[in-house]
Amino acid sequence: MDCSATAKPMIDAGDMLAETRERFCIPEGVRYFDGNSLGLMPKVVQLHASNVITHEWGTGLIHSWHDAEWRTLPQRTGAKIAALIGAEPQQVVACDSTSVNLFKVLVSAVRLRAGRQKIVTDSDAFPTDLYIVGQVARLFGLTVVGVPAREINDNLDEDVAAVVLTHVDYRSAEIYDMQAYTQRAHEAGALIVWDLSHTAGAVPCDLDGSGADFAVGCGYKYLNGGPGAPAYLYVAERHADACEQPLAGWFGHARPFDFAPDYKPASGTVRFLCGTNPVIGLSVLSRALDIFEGVCLSDLRSRSIRLTALFIDSVDKHLSSHGFAVASPRDATRRGSHVSLRHQHGYGVMQELAKRKFIGDFRMPDYMRFGFAPLYNNDEDVHALIDAIDQIMISRDWEKPEYQQRRDFT
């Protein structure tokens, strides 16, 4: 949302964000710190999903492709996301999964830089990104150069086709300078793909202003679209019509209802659509995004910084004696909206926290992640969490036998 002096007068930021908490379904007694993995369910989604299923599908049937505007859901939902990531609306579509979208845009980037032989990426990126990068490299006979993010710029040369980098690190929450990395990639003649999965909805970014080429991200974290919500992709307008994306499907066709045997891509980012879109999931995501209407992104960011800073300060004061180490940047300008702690008994601590209805998550080998979603987390959550961890360490409840066998999902 525009927060300039010419924008409409707004409700006081503190009051507005206090009110947004009331828009979510928070189970009784639960303190939720996992919006960086799966966002809470917005209250409006319950009624909306019921309406989509009962009326649009149940009564409207096939006519809802037109009457309920199902066909344009990817573009309309994408336009709402575009407002959160610094992009013009026509450059973003919501569709598929983050992994599939990364495959589509990375193949497009490699084709735009035909003849170059390398893809450079962060060796510590979320694994699915690494898997997709590796597969694209194999398909095109390219070499993957995987290095720590801070070494990426030192590994760029005239043989690099594309760079793939996450804006906010999924473990540490470190923010990487979008403009600086993009500029350096372009100086080497390469294109850059950004993963915004831990960015959109909590950390402002400016894709257009930074000159980014492509971006992808998911819809179920800070965007609160629900488990398995459709993802999204961004393609800079200057590239879109030159892109040959690898998954040619009828929804990406210029005239899909002509049912022509030969593929002719649609103009712009719409060509990155593939098969029939998941209407219910897209519609739920689109409705969930309406929560951001009237909320200033700079206010969201300010609250995120305040909550994460309060948590880090409280860890230093009350938990450092228990052996907890902060694994996220202490400089707020370099920190996203979650904070990671490291502890040798972190898994057991997280399991006991969950038993006490404090929900965060755990990442190997010993990262305890706590997300502070600015739309619904508050200072009381932070204080209660610190007290709970302190009590668990004093009681040694983290060493219960049932916590010695690790589960896949934590």
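Each Cβ is built from the backbone N, Cα and C atoms, and glycine gets one as well.
TrEMBL annotations: computationally assigned, not manually curated.
Feature annotation from TrEMBL assigns pyridoxal 5'-phosphate binding site to THR98, SER99, PHE126, PRO127, THR128, ASP129, THR166, ASP195, HIS198, TYR220, TRP250, THR276. Under the three-state DSSP scheme, HIS198 (pyridoxal 5'-phosphate binding site) falls in the coil class. Counting only same-chain residues at least 6 apart in sequence, those with a Cβ under 8 Å from the Cβ of HIS198 (pyridoxal 5'-phosphate binding site) are ASN36, THR166, HIS167, VAL168, ASP169, TYR170, ALA173, LYS221, TYR222, GLY336, SER337, HIS338.
In the three-state DSSP reading, LYS221 (N6-(pyridoxal phosphate)lysine) counts as coil. As annotated by TrEMBL, N6-(pyridoxal phosphate)lysine applies to LYS221.
Annotation note: PHE126 (pyridoxal 5'-phosphate binding site) sits in a coil segment as assigned by DSSP. Look at THR166 (pyridoxal 5'-phosphate binding site): DSSP puts it in a strand. Long-range Cβ proximity for PHE126 (pyridoxal 5'-phosphate binding site), meaning a same-chain Cβ under 8 A and a gap of 6 or more residues, is found for THR166, TYR170, ASP195, SER197.
Between the binding-site residues THR98, THR128, THR166, the minimum number of other C-beta atoms within 10 Å of a residue's C-beta occurs at THR128.
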